[in-house]
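Q: This is the structure, below, for whatever I ask next.
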Amino acid sequence: MSNKYIANLSETQKNAFMLIILFGIISLLGDIIYEGARSVNGPYLETLGASALIVGLVVGFGEFLGYAIRLLSGYFSDKTKAHWFFTIFGYGLLISVPLLALSNYWQFAAIFIVLERMGKGLRSPARDTILSYATKQVGTGLGFGIAEFLDQIGAVIGPLVFTFIFIGAGPIKTVADYQQGYSYFWMPFVMLIMVLFFTYFKVRSPEEFESLDLKKEGTKKIPKVFWTYSLFTFITTVGFVSFAIIGFHLKVNGIISDAEIPFFYAVAMMVDAIFGLLVGKMYDSFKSKHDNEKAGLLILGIVPLLTAVLIPLVFSYNFALIFVGMLLWGIVMGSHETVMKASIADITCINKRGTAYGIFSVIYGLALFIGAAFTGYLYDISIFWMILVLVGIELLGIPVYFMMKKQIM
């Protein structure tokens, strides 16, 4: 972002930009914590004695619960306007990640993993609503793209914590090696809480960035294209593979070392960060080109195709193919995460935004749960059939995309 760009912003836009950067830093610290943990949660559960099915169920249930709770947190944050309360309380539950260092049984580890996801569920609709107010001042795609970029820098750093620990450990990774890594997340957790409260005291009323739209839009209903987009996301996410299952595949087959598993995840997160920023700019360009606030969704046409290609790659037994698959995995993640946040800000009115984020998150979380559990179940039966079914699911998303395109145009 050039100094010239900043200089040309109005005072309101500069304040909005500051809020985006501060939340980007908060997300960066948050991602160091929970993405660092997620990069090894699958192998850690396996080390504690869990099967592929259990890993899939724990990860999937955690994701589903984390997204399902967003329906309530989104609705009540809209109803009470207590966006900051839900944001702060949700981030506070990140304490469950360093507490994973105290778990010696997979059942206890599973509880902490689920608690972390619940915290994300509580904070996400409220946080995204706060951010959406600010992004309206600088462009929703660009604003969320910047936040996603900073967010994913943390997602790169977090897994590297375990990479460096595993490099210094023995050839067989023990429970103690994993617990050492989890314990390092106390420091970013404390830093996150400090920055979060600083941001709260700095910008207590972020809705002022969009006060004119509030008066103009009143209480419009959630539009039809929102539901079609939700269906598209549901289908393409069910077929998308959780990294916990990919990490499980890499570990049990001895394809790469334990140290390389979180490194692969870090590489994917780096691609996610870079591509998320590019997608944000492209998203805004699509809106400008078609003079349509909803046209940014058209950028998602590539998602089911890329996902269908990456599935057989990440479940192969070849290092190079898996690496390419993880690069594509990062691109798809960057597309989903940037577009879903920006698009909901564009296709819903301000009074329904927290609710819309909550509804969408439930649908997304249900897809993650079904996808993770189903993938874990099929993996134990046949990798070939698992790949075939997941690719077929992704292809079902293509006609839904064209249905969405027709509604937009």
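Positions of Cβ are set from backbone N, Cα and C atoms, glycine also.
Pasting the relevant annotations from TrEMBL:
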DOMAIN    225-409  domain 'Major facilitator superfamily (MFS) profile'
TRANSMEM  16-36  transmembrane segment
TRANSMEM  48-69  transmembrane segment
TRANSMEM  89-115  transmembrane segment
TRANSMEM  153-172  transmembrane segment
TRANSMEM  184-203  transmembrane segment
TRANSMEM  224-250  transmembrane segment
TRANSMEM  262-283  transmembrane segment
TRANSMEM  295-313  transmembrane segment
TRANSMEM  319-335  transmembrane segment
TRANSMEM  356-377  transmembrane segment
TRANSMEM  383-404  transmembrane segment
Q: Hey, would you say the transmembrane segment (48-69) packs against the transmembrane segment (16-36), going by three or more CB pairs under 8 A that are 6+ residues apart?
A: no
Q: Could you pull out which residues elsewhere in the chain have a CB under 8 Å from any CB of the transmembrane segment (224-250), counting only those six or more residues past its ends?
A: 38-43, 45-46, 52, 55-56, 59-60, 63, 256, 260-261, 264-265, 268, 294, 297, 300, 303-304, 307-308, 310-311, 314-315, 322, 326, 329, 332, 336, 340, 343-344, 347-348, 356, 359-360, 363-364, 366-368, 370-372, 374-376, 379, 383, 390-394, 396-397, 400-401, 403-404, 407-408
Q: When you check the transmembrane segment (184-203) against the transmembrane segment (16-36), do you get at least 3 Cβ pairs under 8 Å, counting only pairs 6 or more apart in sequence?
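A: Per Cβ check, the transmembrane segment (184-203) touches the transmembrane segment (16-36).
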Q: Can you work out whether the transmembrane segment (89-115) touches the transmembrane segment (16-36), with the criterion being 3+ CB pairs under 8 Å where the paired residues are 6 or more apart along the chain?
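A: Answer yes: the transmembrane segment (89-115) meets the transmembrane segment (16-36) with 3 or more Cβ pairs below 8 Å.
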